[in-house]
Each structure stands twice: as C-alpha cells, then as structure tokens.
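To start, the structure under review is shown below, and the notes come after it.
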C-alpha cells in the first residue's frame, strides 16, 4: 500500500487536498521506530487551532499536512507494540507523547520533553510541535502507540457513535479540561467565552460536571442561536450592554463562580464598535471582571509566542495588555496550556457510550469528504455553527 492524500497548507487562506507520502515507521528526523502504528484514518476533524494557521496567524510553513483530531483503525504495527492489534479502532490524542519522560510520567502529556526538539510538547500537523505529519489524511503514523492510543472497546457500538467519539481527540477533553480547571462542580454558575466547538464542549462539560447554569458568550449571532438551542444561556457580546450587566440580568448578580476562555489570541472587542477590531486581551480581562473573588479561570483557548498578523508589536510575541492586578486583587487562579488529553479521554469515552453527553449534537458535527475539506475550512472560518468532521474513506458518511 503506497497511496495517501492529505490536506496541505499552501499559505494564508489556502488549503488543498494533495497526494502525500504514505507513512513510514520513522520519526520526523528519519530515525526508524518500532513503537508506532500506521492507522487507516476513520475520522479527522477541522479545528479552530488549524484555522489560526490557515489564516496566517502563526509561523506555519507552506507544505504542512494539517490535522490533529483523529480516530483510526490499526493496519500496521511495529515490533515493540504489545497492546494493540491489527483492526483495533482507536482514538488518537492530539498530544504526541513518549510516555517515558518526567512530564509524561506525571501525566502532563501536553508538554512531553522528548518528541519535539524545539520545545516541550508535540502534536500532529501543527506549527512548532515536532514536525509530526498531520492526520487530515487517509493514513497516519502514530508513535509510542501503546502509550498514546485509546482503544475503543466495542467496534460496532463505537461506529454507531463515531460522530461523538471523534471529538475525543481534542475538543471534548479540551473543553472538559477548561471546565475542570475552572473549578466547575455541582451547583456552579459558569461563564464560557466563545460559542465555537471548544466553547460548546466546555459548556457541555460544565453541564456534565453538575453546573447549575452555563452562560455562553460570543459575537456571532448564528453561534449564539445554536448555543441557546442546546440549552445554554447566552450573552451577546456585540451589544453595548456590558457583559457583567448581561450576567446580572440572568443570575441576579454580576459575577460567576467559574469562567472558561475558549477564544484565545484572536479575540475581538465587545460592543458595537469594539467588535469591529481585534483586541487579544479582551477575553482574559473580561473573565477577571466577571469571576467572583477566589474563583478559577480555565484557559484552553490558544495563545501563541509568535503571531505575524498581530495588531501590535507586543502581541506579535504574545505579550498582551492584561489587567493582572485585577486578577491578583481578586485572588483568582488561572490554568493555561495544552490539554493533557489522556487524563480525560477514557472517562469521556464512557460518558459518550453511556449517553451521558451528546457532544456531536452540541457542537454541530457535519460529516464531509476529504475532497470537501477546503470548503469546510472556508465555512468554518466564516463562523458557521458547525464542527466539520472529515471521513476520508467514506466509512460512515451514510451511517
């Protein structure tokens, strides 16, 4: 077997499905490995993090094969793989992790110390994350397979819920991580900034964790309408009514117990005029304002160290005008960084299989073909309330 196709980044605003190399049992530096498997990709999703690159807001190089949200079938394995068999259906955490370093042993798999020579942390198909080939493709190599992969135990039942299980690679654990690190528990009042897929996953996770009320804020009316239809309260950030007043109208007080930033560095201002302009510190500053004293703020939204398209010189190197003094005065706790998917994915798999969470409906999963990926990128960038899931082999599109 030698054919393969994938979604390739061709520069700002452009992706294309091209022929790419069939995966080999070797790492990005050409070293042969025996701890990996080759997957036939069953599903692979378009993520907001991919959009940051496609918009030209990172230093991603032309020719990068995109995609880090992957579910697949094991079709080849190295000699050192002991716990997986040919034919197994597996969920792939977006983190590439060795399982051997200090970070991995402490389950900080988002900052593995060995898989990326440039910095801590690796991922598939992402800028500065170790040059691991992306999974928006027909076939993919996964290293350290015994450690990284989550086997889906009942293939037939898993395929019945593949639209939900495909979210286990990233957005559901990422949203859940945001809710957990924000301290969400039974009876919590929660504000989630961002009604995209990660924000909705955070909102659904907060509900799973027992939150009394979840408010989702956004500028996009279609996404707000979708969030409302899923049973969440909403805050329309395009209005001139300040966020704390909208929260007070819902809760009777202007603050929440817990807050989640599911927007990240491409945030825009609030209000009729503010929404017209990018203002990368907006979300963090607003969360400090509306989170009660001693509250927690989870920050799964992506922030970068290099942003070529930033609004000013400071933001180009990830330096933002944050009112940290306000957070200090209110004794806030902040939690940032890449989600350690493996910390949560098995429990969330069970929640899906036992109908405790219907994440595909919440985030608006729409299945498309690999050839339709460029269209999916365009529509997602336009702000439609959908989560595009690519089915490269037409395995379940008609299911």
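Even glycines carry a Cβ here, placed using N, Cα and C.
Here the structure is a predicted model, which means the values were calculated and not measured.
Swiss-Prot names 47, 170 for binding Zn(2+) 1. Of 35, 68, 226, the residue it gives for the same site is 68. Among 37, 65, 74, 198, only 198 appears in Swiss-Prot as part of the NAD(+) site alongside 48, 49, 52, 218, 223, 263, 268, 270, 300, 302, 337, 339. In this structure, of the binding-site residues 52, 68, the smallest number of CB atoms within 10 A of the CB marks 52. Of all the binding-site residues in the record (263, 270, 339), the one with the smallest CA separation from residue 104 (Zn(2+) 2 binding site) is 339. In sequence order, 45, 49, 50, 67, 69, 94, 123, 169, 171 are the same-chain residues whose CB sits within 8 A of the CB centroid of 47, 68, 170, the residues recorded for Zn(2+) 1 being left out.
Each residue in 97, 99, 100, 102, 103, 105, 109, 113, 114, 115 lies on the same chain as 98, 101, 104, 112 and has a C-beta within 8 Å of the C-beta centroid of that Zn(2+) 2 site, without being one of the site residues.
Separating the Cα atoms of residue 68 (Zn(2+) 1 binding site) and residue 48 (NAD(+) binding site) is a whole-number distance of 11 Å.
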